[in-house]
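Annotated features, as they stand in Swiss-Prot:
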- LYS10, THR169, ASP170, THR211, GLY212, GLY213, MET214, GLY215, THR216, LYS217: ATP binding site (BINDING)
- SER50, ASP137, ASN149: substrate binding site (BINDING)
- 275-353: domain 'PUA' (DOMAIN)
Amino acid sequence: MSESQTLVVKLGTSVLTGGSRRLNRAHIVELVRQCAQLHAMGHRIVIVTSGAIAAGREHLGYPELPATIASKQLLAAVGQSRLIQLWEQLFSIYGIHVGQMLLTRADMEDRERFLNARDTLRALLDNSIVPVINENDAVATAEIKVGDNDNLSALAAILAGADKLLLLTDQPGLFTADPRSNPQAELIKDVYGIDDALRAIAGDSVSGLGTGGMGTKLQAADVACRAGIDTIIAAGNRPDVIGHAMAGLPVGTCFHAQESPLENRKRWIFGAPPAGEITVDAGATQAILERGSSLLPKGIKIVSGNFSRGEVIRIRNSEGRDIAHGVSRYNSDALRLIAGQHSQQIDAILGYEYGPVAVHRDDMIIR
């Protein structure tokens with residue numbers, strides 16, 4: 001492990017609180033110690049931290065608040081400053097500075113903002129500063145939220161050009177069944193491809209303390225692995241889990257990266273949360289999946305959501321299954337007008353055209 005590597009460590013609420021109502025500072029100190037040890041060895045560390053709402057609730061003395069988005073954003077606004085202060089305080093013990101980055105989905109959807117976020121993150125790393133990343137919960141609405149820090153950590157790993165992504169949770173890894181209810185469940189140590197059977201095993205279990213369950217961790221692993229990043233799910237309370245994961249020792253479930261990772265532009269397409277979606281017919285589905293063709297307006301059946309030209313959208317077949325993500329050549333209003341029409345009719349219908357395809361194959365990632 002002598003060569004410098006970049007590791008993204010995602011710490012969920014259940015890890016930071018130990019299942020309690022307050023931040024477990026003693027455990028966070030230990031996690032920081034492990035990160036500082038790797039930092040001293042020349043490795044680059046990125047922290048994706050949950051816990052802003054928990055920190056805000058603790059700081060305000062556990063107030064009785066209505067279960068509304070405004071209440072959560074209030075707690076996040078109070079807690080985020082406390083959280084970053086804690087990370088700075090603990091890393092400073094080892095002479096390490098931290099830099100806060102608060103992101104939303106909009107930072108990933110727009111190519112220019114994506115590149116700006118990437119440059120900021122890499123500048124922090126180049127100057128031996130540990131980036132501490134969280135979603136901007138105090139201002140993010142449902143429309144611009146990534147939604148959970150598992151998927152945010154995968155996007156952060158792509159931005160950082162990471163070698164590994166470590167998702168720390170209250171479980172030792174992915175099991176063949178829920179170990180809390182099935183004593184026969186076995187730990188899955190290695191995964192070389194994520195399929196529907198594995199997604200069914202992961203289910204949608206949530207600890208109740210955060211927004212992510214094993215299902216979202218699988219989504220994050222899928223995104224990261226396709227971008228060439230090994231991903232590990234492991235227990236946050238396992239001794240020296242961060243150092244052992246970095247050294248390649250077995251610590252949980254390892255999702256092995258694709259041997260041929262996506263090039264940079266397609267990493268952005270794959271990582272950006274879709275701004276909308278379109279449903280295509282059987283002919284278009286076959287052309288995309290079997291021939292790698294571009295999507296023509298003729299094959300579009302339904303356009304859902306409101307999105308601009310140049311934004312990433314989800315492409316689904318008539319059964320509702322995701323088949324691809326891609327950059328739309330037209331906005332949602334225009335696509336609704338030309339859906340089901342031949343490409344030669346685009347100019348007559350819209351009064352302009354940006355070419356004969358709705359999504360070009362060079363701007364598309366097959367799911």
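The backbone N, Cα and C atoms fix where each Cβ goes, and this holds for glycine too.
Note that the structure is predicted; figures quoted are calculated from it, not measured.
Features as recorded by Swiss-Prot, highlighted on the structure.
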residue: LYS10; record: ATP binding site; DSSP class: strand
residue: SER50; record: substrate binding site; DSSP class: coil
residue: ASN149; record: substrate binding site; DSSP class: helix
residue: ASP170; record: ATP binding site; DSSP class: coil
residue: MET214; record: ATP binding site; DSSP class: helix
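For the domain 'PUA' (275-353), the DSSP counts in helix, strand and coil order read 28 helix, 21 strand, 30 coil. A straight line from the CA of MET214 (ATP binding site) to the CA of ASN149 (substrate binding site) spans 12 Å. Packing around ASN149 (substrate binding site) is summarised by its Cβ count: 27 other Cβ atoms lie within 10 angstroms of its Cβ, all protein chains included. The binding-site residues listed here (LYS10, ASP170, THR216) include LYS10, THR216 as those with a Cα within 10 A of the Cα of ASN149 (substrate binding site). Note on the domain 'PUA' (275-353): mean pLDDT across this stretch is 94. LYS10 (ATP binding site) and SER50 (substrate binding site) have their C-alpha atoms 8 Å apart, to the nearest angstrom.
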